Amino acid sequence: MPHSAPGVMLLWSILSTMELIFLLHHLWRYDRFSCLRWNSGRQPGAFKRIMTYSYLLSIPLLAFYSYTMSYIKYMEGYKDLTLLHLGVIPKPYAFWPANYQALVLPSTICFSVAWSLEIVSHLEELTFWLFLLHQGPSQRDWFSSLEFKTWAAGASLAVIGMPTLTVLTREDPYKSEAWTFFAGGVGSLLITLWFLVVLAKFPRFLKRVKNEGAEADVVVRLTTFDELNRIRVGFRFFFAAPLLVLAVDGVLPGGRPINNNAFWTDLLSMIAGISCVTSSILTLLVRYHLFRFFPCPHYQTIHFHISLHLRLLPVTFTRAKTTDR
């Protein structure tokens, strides 16, 4: 965020610190960090570990980016560029000393990797819910489904593509950050918009679960998930959209009216930071407290003939009373 004020990056640092503390607190209270072991859980496996570690790694990477940029911006302060009709602005990269300039690329790569890992997590959640909502009597296997293949392709593209794009555009730090924001913004916004399909279909799915005689605890968990998910999707939109606006303004030729406007730059950056951390905390609440998540690639056949991921439903649901049909 080259045009943002030092206070904006300080806000990002505070928010990322709060999120990191919140995560560590819940990991400790949940099972004393036992869930981080490779063989933890009833059905340990590579998929579970990938989802666990990708989610956890994104938070310290975001914190590192925020700390680094906040420190540099406060150390360098502002510069008067009135002669260039820019006024007094946060000192541009070009005026930073060499040791600070050398930190720009590693910091941006950390942010890029963190965002790509967020996309991996969000896309997995989206594709699994689509898989679940489209499940029929045939009881498809998750790892053989089109939804899983879509996640695998999208996750690979995000993890490889975003950092690569950051490195390829490194000659111009402004362009590098703009293209990083553009790639991440497009990916996150598409996933968020696609999640509207899940939100639209979920009430009908919930009604079906009730009609099939699911236990009350399961219905309460799914209802709470639906409510929290609607809020979370809203915050994800307010994370991706502002950064995408800044990115489009940065990559298009012209005078960059948004990035060169202190009000809009700081406002959009602050909205994105607050929304990012809020949605991540909601994700943590959903995954730990509602569904005892970190993903487990194990399926149980339940009485209404839908295979459900144990990361989303408690064991009691899989033991629901079966009926003769």
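Glycine is treated like the rest: Cβ placed from N, Cα and C.
So that you can see what the record holds, here are the features copied from TrEMBL:
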type	residues	note
TRANSMEM	6-29	transmembrane segment
TRANSMEM	50-74	transmembrane segment
TRANSMEM	181-200	transmembrane segment
TRANSMEM	237-255	transmembrane segment
TRANSMEM	267-286	transmembrane segment
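Counted as Cβ pairs under 8 Å, contacts with the transmembrane segment (50-74) are highest for 6-29 among 6-29, 237-255, 267-286. Long-range contacts of the transmembrane segment (181-200) within the same chain, counting only residues at least 6 positions beyond its ends with a Cβ under 8 Å from a Cβ of the stretch, are 112, 115-116, 118-119, 122-123, 126, 129-130, 133, 154, 158, 161-162, 165, 226, 229-230, 233, 236-237, 239-241, 243-244, 246-248, 250-251. Here the transmembrane segment (6-29) has Cβ contacts under 8 Å with residues 35-36, 56, 59-60, 62-63, 65-67, 69-70, 73-74, 77, 90, 265-266, 269-270, 273-274, 276-277, 280-281, 284, 288 of the same chain, all six or more residues outside its ends.
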